[in-house]
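Listed features, source TrEMBL:
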DOMAIN    1-58  domain 'ClpX-type ZB'
BINDING   13, 16, 39, 42  Zn(2+) binding site
Ligand SMILES: [Zn+2]
């Protein structure tokens, strides 16, 4: 489950170190040993990374699509 930021606490992004006031939003994840958080900017970077990896994977070998159906 993902939690939202408490207004009183300043939350820092675990990736870039920016606080919640420097970015649009921060998603906080549950972590027993401390808060793990990611800001919208790092989420976008992560998304691009995932997409580029997928594109590369497709480039090397096309997904097994059934033809002629
Ligand atoms: Zn960040």
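Along the chain as shown, the residues are counted starting at 1.
From the backbone N, Cα and C atoms, a Cβ is placed for every residue, glycine too.
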Greatest C-beta neighbour count within 10 angstroms, which of the binding-site residues 16, 39: 39
Candidate with sparsest Cβ neighbourhood (10 Å radius) among 13, 42, the listed binding-site residues: 42
Cβ-based neighbourhood (8 Å from the centroid) of the Zn(2+) site, residues 13, 16, 39, 42 excluded: 14, 15, 17, 18, 23, 26, 37, 38, 40, 41, 43
